[in-house]
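Enquirer: Got a structure for you, questions after.
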Amino acid sequence: MSEVTTAEFNEEGKYLRKIRSFVLREGRLTKGQAQAIESQWPTMGLDYSPTPLVLSDVFGREADTVLEIGFGMGASLVQMAKDAPAQNFIGIEVHKPGVGSCLSDAAIAGVTNLRVYHHDAMEVLEHAIADGSLARVQLFFPDPWHKKRHHKRRIVQAEFAELIRRKLKIGGVFHIATDWEEYSEHMLEVMQAAPGYKNQSSDGTVVPRPDHRPLTKFEARGHRLGHGVWDLMFERIA
């Protein structure tokens with residue numbers, strides 16, 4: 001097993017240190033997930049290296065590239081890749097069954113424009129993604145760490161926003177979604193204060209769910225129960 005680190009920040013979003021947050025668990029794979037990893041990793045898997053990817057080499061073409069941090073089981077990421085064949089997609093996930101499920105779904109869907117990391121997202125972003133190379137970064141339903149004493153563990157902080165800004169092209173978009181209203185308010189505060197971004201919301205708050213983000217079964221059930229989901233989209237302008 002590989003140990004994974006993640007950044008910790010203070011209340012002002014100042015980087016403090018890297019902490020051991022969890023272990024990159026093998027997880028309990030189904031037979032289908034294990035088979036998908038074995039058969040699909042050679043073509044869709046990306047082995048981490050601390051040198052920037054040459055995206056045109058990875059995908060065999062020049063195209064806008066979308067990166068998703070923490071894709072879970074991967075169903076929505078595969079759907080996005082299928083719906084937008086002219087774009088390239090990279091997903092990062094630490095949970096191995098999720099990686100296996102994503103690769104299985106991708107193979108069934110026949111997508112060729114998707115690549116996957118099984119690694120810590122902070123390391124991938126810092127070292128394996130070139131500055132100014134991404135058209136969109138997606139962070140959907142990150143852990144809200146709702147207890148106040150855990151807020152410093154929230155991924156959306158000032159230095160993280162700056163890291164994402166560096167990786168986006170001018171005109172690229174950081175798209176965040178959460179089902180925790182207080183976290184959406186925290187995210188909005190962080191992003192409004194982050195230099196080099198422009199909120200794509202007409203009223204300076206959140207945006208309606210864009211067509212490119214699929215409506216998940218979990219989210220649809222939440223809507224029926226009256227639960228909200230908040231989307232934020234910030235464009236890199238400098």
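Using N, Cα and C of the backbone, Cβ positions are placed for all residues, glycine too.
So Swiss-Prot lists the following for this protein:
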| type | residues | note |
| --- | --- | --- |
| BINDING | E68, E93, D120, D143 | S-adenosyl-L-methionine binding site |
| ACT_SITE | D143 | active site |
| BINDING | K147, D179, T216, K217, F218, E219 | substrate binding site |
Enquirer: When neighbour density is defined as the number of other C-beta atoms within 10 angstroms of a residue's C-beta, which of the binding-site residues E68, E93, D120, D179 has the lowest density?
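Expert: So among E68, E93, D120, D179, the binding-site residues given, the one with the fewest Cβ atoms within 10 Å is D179.
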Enquirer: Using the CB centroid of E68, E93, D120, D143 as the S-adenosyl-L-methionine site centre, which other residues of the same chain sit with their CB within 8 A?
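Expert: Going along the sequence, the neighbours appear as I69, G70, F71, I92, V94, A121, P142.
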Enquirer: Return the member of E68, E93, D120, D143 nearest to D179 (substrate binding site) in space, with distance defined Cα to Cα and candidates limited to these binding-site residues.
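Expert: Spatially nearest to D179 (substrate binding site) by Cα position is D143.
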Enquirer: Can you tell which of D143, E219 has the most other C-beta atoms within 10 Å, given these are the binding-site residues?
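Expert: The most densely surrounded of these binding-site residues is E219.
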Enquirer: Just to verify a number: CA distance, K217 (substrate binding site) to E68 (S-adenosyl-L-methionine binding site), in angstrom, no decimals.
Expert: 19
Enquirer: Would you work out the biggest C-alpha to C-alpha distance among E68, E93, D120, D143, the residues that bind S-adenosyl-L-methionine according to the record, and give it in angstrom as a whole number?
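Expert: Those residues reach a largest Cα separation of 15 Å.
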